[in-house]
Ligand code: U2P
């Protein structure tokens, strides 16, 4: 009987460990760290608006830090009572986020007379849609702080400028953009394109991958690159 009991306990234990692993693997596998080129939002059919603080500097800005699965799908809107967006936790984040994580969407005319984009609305949207799904690793303040630190660590515009790739409205090879980022960072980047109001393809977003542990400077090779939809050569719009 003793033998039987002691062999049952490890089986129960193994089942519990197995269940725990299933729960953890439901979480997410890695992050996409997505930076966008503002000029490629502003010259689209929809156009763009600037925050009350004015036109942001001519530089890449953060779009978001998105938890993802290795198969390319992603969790979203993992909202719960413990992780609802708290504006008061943003106070020391705001000055840095205004510079590096600005909003460019125009407000709905039905809701406001303002012509400014709303940074706080973007930050809340990114937290609600993506941040809440990595809450087990980064709580709200850490999520924004960590993402802004990533932005400070990788100067994409400087990397491109160093290699003669400038936001001058001319066309550049996507392969070359990928190559110079790989040389400077050590990692393959995802390049995402969109089209301007005349239908020209342009450089819209650059995506790097980050380890799910969110340890400092933990860029990794992407388990899967995001959809790109870029032709061989793309415009790098003026901003
Ligand atoms: O591509 C359009 C929007 O879909 C969301 N997206 C896309 C790819 C991906 O891997 N993960 C992801 O979240 C983004 O939504 P947003 O955060 O802007 O609401 C992306 O802009």
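Here the Cβ of each residue, glycine as well, is placed from N, Cα and C on the backbone.
According to TrEMBL:
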type: SIGNAL; residues: 1-25; note: signal peptide
type: ACT_SITE; residues: 63; note: active site
type: ACT_SITE; residues: 126; note: active site
type: ACT_SITE; residues: 130; note: active site
Item to check | active-site residues compared (63, 130) - the one with the fewest other Cβ atoms within 10 Å | outcome: 63
Checklist entry - Hey, does DSSP put residue 130 (active site) in a helix, a strand, or just coil? => result coil
Item to check | Rounded distance in angstrom between the Cα atoms of residue 126 (active site) and residue 63 (active site) | outcome: 8
Next on the checklist: According to DSSP, does residue 63 (active site) sit in a helix, a strand, or coil?
Outcome noted: strand
Checklist entry - How far is it from residue 63 (active site) to residue 130 (active site), counting Cα to Cα, in Å? => result 11
Item to check | Count of other CB atoms lying within 10 Å of the CB belonging to residue 126 (active site) | outcome: 23
